[in-house]
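*Asks:* Can you keep this structure in mind? I'll have questions shortly.
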């Protein structure tokens, strides 16, 4: 998740990209997230007064429906959601228009700090004071082309950014992720009111809400509240885009994530995207099926639901699935049991000698098949310090590794060491490079 972000928003041809390039030194920008869309968000970073700042350039917003305007507006709204502060840039020589008023109203509804910047003022006397009719306390006057006045704008931006180096949390991070109305807030409240005492609140350390350090059965855990995207939108995709972006950021930031599914609905596109992202990127997750009290159940209903999830997401037997009712508090204790078990698994230390003996026994049970002109031989192994269990195997030649044998080795590790809820990463290194 990027921190200390400025989004540049405005109509076409008001100088957004000129300001963007002035800030980043005209370096080539990077297009993120949505290849094939005509005008994606452009990201870069720059330094001001010794502080590293991220900036997003966006496409020009218009009321008139032109080609790709819906996509441009979606991209702009996502940029606003990501930003700590928004620069609303206008043509300072031109009169205010209905497009400008519409954009400013949209920015006000976002709740983000807004800095109104009147551009194209190589000659300050040409400034149209009608821009104050927007209601902004101050309108900064600049020339992005020549760099005039930009320093004052950046000094104002710094007031809304957080450069506290102590933001790194020493606690285990748990996030609750789900689409709107899946029950995230209810689950957070169930954990809060019934199972923990608040140790401290950390406000302002995330754009996605408030983080609370809680104590669960003697374990201090930082819970990341990702709730909050519930507002209506004229563009159908906007809410899901924002929710997906927020959820993926939480997955990246967390040590463990609870992916909350609404059992009263079919598995949603949102759920599939989040679970798929977690599995592809080796993120520890617990799938939590909520509102289970509303389901007409038989003795086999729970197992049938588990099978449906397993069939949808192949090769993930390590992902635990729990069924709860956040509203009634049913099975919340069981969910906490799993959270603490996964935490224990992620933090487990293994002596190199124990791991090496396990791998040697595995090779005796099933030797590696010939592959690429040779047969793999593993001499010794060790576990490295990492957010997920990561094992380094020192071998005769890593080109002899067949994917099926790597899968076999992972299965042997899981059968002998408790790693429920944890992805496993195996790295092969040639023995001659063991000190790399």
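Cβ atoms are placed via backbone N, Cα and C, with glycine included.
For 4-165, the entry in Swiss-Prot reads domain 'EngA-type G 1'. Residues or ranges marked as GTP 1 binding site by Swiss-Prot: 10-17, 57-61, 119-122. If you look up Swiss-Prot, you'll see 172-347 marked as domain 'EngA-type G 2'. Per Swiss-Prot, GTP 2 binding site is recorded for 178-185, 225-229, 290-293, and the stated evidence type is sequence analysis. Annotation comment: Swiss-Prot describes 348-432 as domain 'KH-like', evidence class sequence analysis.
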*Asks:* Could you tell me how many residues in the domain 'KH-like' (348-432) are helical, how many are strand and how many are coil under DSSP?
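*Replies:* Here the numbers are 33 helix, 23 strand, 29 coil.
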*Asks:* Quick check: of the binding-site residues listed here (10, 13, 58, 61), which one has the Cα closest to that of residue 178 (GTP 2 binding site)?
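*Replies:* Closest recorded candidate to residue 178 (GTP 2 binding site) by Cα: 58.
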*Asks:* Do me a favour and check the Cα-Cα span between residue 184 (GTP 2 binding site) and residue 58 (GTP 1 binding site); whole Å is fine.
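*Replies:* It is 31 Å, counting Cα to Cα.
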*Asks:* Please compute the mean pLDDT of the model over the domain 'EngA-type G 1' (4-165).
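*Replies:* Over the domain 'EngA-type G 1' (4-165), the predicted model scores a mean pLDDT of 84.
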